[in-house]
Amino acid sequence: MAIRLLLFTILALASSLAYASDPSPLQDFCVAVNDSNTTVFVNGKICKDPTMVTADDFFFSGLNKAGNTSNPLGSKVTLVNVNLLAGLNTLGISLVRIDYAPYGLIPPHTHPRAAEILVVVQGTLYVGFVTSNPANPNMKNKLFTKTLYPGDVFVFPDGLIHFQFNVGKTKAVAFAGLSSQNPGVITIANSVFGSNPPISSDVLTKAFQVNKNLEELAVRQCLVLSSKLFISSGPWD
């Protein structure tokens, strides 16, 4: 009986410790400072006085409008996060509309702070995600893909690299929910080959096992693409 009680106590303590971790951050980093005049509020916005809240604080209009897909990738993401819909603060959710030109692409990317659930409302999308590095070094990262049609739903797990490609000859539209009010996005190619300052050529050539000419070509291509999109993150703005 005493042993059972001891085991139960240990289990209870372990369970309580599992819920004692810090909350996940809503930004890339938070550097500690001592000067209060140089600080910013993190993990959410400062709350509005409840007596001053109106229905408009929970309202956004505009997702009925198609995004401009006239860019090299042929896609556009219209993001509704806490910066556009103040009522999302602390709720842990956000929403996007994604427009795709024929053969338009949302390139491989990841949301460092969110999982994503996507529903297709028009067109045909080829979507997929890649798993994290397996524990067995002899195994490769696994790719999961699916071709989606209107009404189909697909989930991209938290933090994993994923993509969407319009395989149809007509435009496509999808909506997606994300499990963060500020999910963030890292476009893989731009982050690796288009960072500022750039990652060392020695690092990239060794990581990708290519010669320096190919590495420089990839960097130039990413810079050209970014300049045409006017942003470094692709269609996500």
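Just so you know, glycine gets a Cβ as well, placed from its N, Cα and C.
Automatic, uncurated: that is what TrEMBL annotation is.
Per TrEMBL, Mn(2+) binding site is recorded for HIS109, HIS111, GLU116, HIS162. TrEMBL lists HIS111, GLU116 with the feature oxalate binding site. Taken from TrEMBL, the feature disulfide bond covers CYS30-CYS47. Here TrEMBL flags 61-216 as domain 'Cupin type-1'. Annotation comment: TrEMBL describes 1-20 as signal peptide.
Packing around HIS162 (Mn(2+) binding site) is summarised by its Cβ count: 22 other Cβ atoms lie within 10 angstroms of its Cβ, all protein chains included.
Here CYS30 (disulfide bond) is compared against the binding-site residues HIS109, HIS111, GLU116, HIS162, and the shortest C-alpha distance is to HIS111. Excluding HIS109, HIS111, GLU116, HIS162 themselves, the residues of that chain whose CB lies within 8 A of the CB mean position for the Mn(2+) site are, in sequence, THR110, ALA114, PHE129, PHE156, LEU160, ILE161, PRO183, VAL185. Highest Cβ count within 10 Å among the binding-site residues HIS109, HIS111: HIS111.
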